């Protein structure tokens, strides 16, 4: 299952009702924070994100609107007497700047901060546990930037109890073998194929976070068939010139990426403050790709 | 005239409706920002503070809840194409940490940031122009901390046009001498004393910002007769032990300072999250000092 909560989704400077990028992702019962603009911890409180569940933070790039909330959040974790390790993934340099700011405030945390500094321009697997993998999506912005692809791992096949009950000879002791994908040979010599004893597991779900970036079609193979795609769309097509200059995308470009990757659903975000009504982004993207949603603070996206 | 806007006034960690310390002060037509916790720029937008009016920022100490919004604010000034110098006053170390964070984000500001790093444990005059002075108030906290005393300068005496019209001999050419405080000698030899030709100017107003600090009665002479005093009161008297341990004040202690300094009005703030209803601070302080207000985001205090 995927549960994505948008904490902030506007570009550049915070405004009264515009919050810079931050997202809280629950995937296969793992909990991640993606980007951490100024004020993220306040948004986490507002939308009731459990602070203690998060053990991994992924920062796309070191522009303030994606990163300036990190030091305050880590400082708060210190005040909350956190003891668990916190893993922070982000561009090279993130450790030094963050630690200096914490040091000058004499924020003495009991917990260990483990920084994983990224430098590769190729997509790489940076996180793996029993349930989830996280892979970088190299993006093209004014500074070194990665998107992140979160994928559920293939789940084991489930026992088809109805079919199994048709073979009284098959015992509980066999279940482990069946779950592991093995066929069962009966005493008669008959081989019961695994497929008839098991059900297909739910298809693993995936979520791709792509911000900030200019239009970069070579990410399509990395995110191919993704279930949920967040792609920045700072501008509409009317400001293609500005998008190119600032290395951002338009809603049309985001929709093209979604279409070419055969994504199931596209979420647009990172809207420029010049567009007070964000529904125009959706309208424009829908001319290219049908299933488009808009990010807004507090919005939740659930896939089962 | 003094116009004080509270942007944030809660201690420690930001919460959905609790914002860390920041204040916007207009005094004698000069505009200052005092402290800059995370999210201050968003609060400035919310309460319609004119960003471009501010040329001087005073940071009391480098704990996150008073300082972690500075780098984002400076970065925003860069995006707003600011060109005027920005002066930043705060403890030694503020420049290096701030500039490193800006550098890593490749925030290229056109404007010059002039850092005035403070190290003295004695009260010192750190700012003076034609209208205002700013003096430090050395406080006692877990890290090096200063409060700030903002004072209007004595204004020139005003012409008493009614009395002047009684002396037809006195000409416009004399007005400059009269404003400068000089007596006028008539051709008859009669000396008209300056006092009868002028009106007293309005009394200069003053504002003292005292946060964070343990009870420190030796600040009383520095802020004697202050018109408006903001003093932190993180705890009530029931947690005197915690106040002492964390070097904060109780509302009773803040009220004692106000009383001993003969302040005209006391504003309490920096409330601990353990007290959901802040009116208890006012009630308790009133047992010692009568004119007590409570800080809250968006609250304005005006003195004329």
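Cβ atoms are placed via backbone N, Cα and C, with glycine included.
What TrEMBL records for B:61, B:63, B:141, B:212 is Zn(2+) 1 binding site. If you take the C-beta of residue B:212 (Zn(2+) 1 binding site) and look for same-chain residues 6 or more apart in sequence within under 8 angstroms, you find B:11, B:60, B:61, B:63, B:66, B:139, B:141, B:145, B:232, B:234, B:247, B:248, B:270.
The Cβ neighbour count for residue B:65 (active site, proton acceptor), using a 10 Å radius and every protein chain shown, is 28. Per TrEMBL, the feature active site, proton acceptor maps to B:65.
Among the features that TrEMBL reports, Zn(2+) 2 binding site is placed at B:65, B:66, B:212, B:270.
Look at the Cβ of each of the binding-site residues B:61, B:63, B:141, B:270 and count the other Cβ atoms within 10 Å; the largest number goes with B:270. Filtering of the binding-site residues B:66, B:141, B:270 by Cβ separation from chain A (threshold: under 8 Å) yields no residue.
Classification of residue B:63 (Zn(2+) 1 binding site) by DSSP places it in coil, neither helical nor stranded.
The local packing around residue B:66 (Zn(2+) 2 binding site), expressed as other Cβ atoms within 10 Å of its Cβ over all shown chains, amounts to 30.
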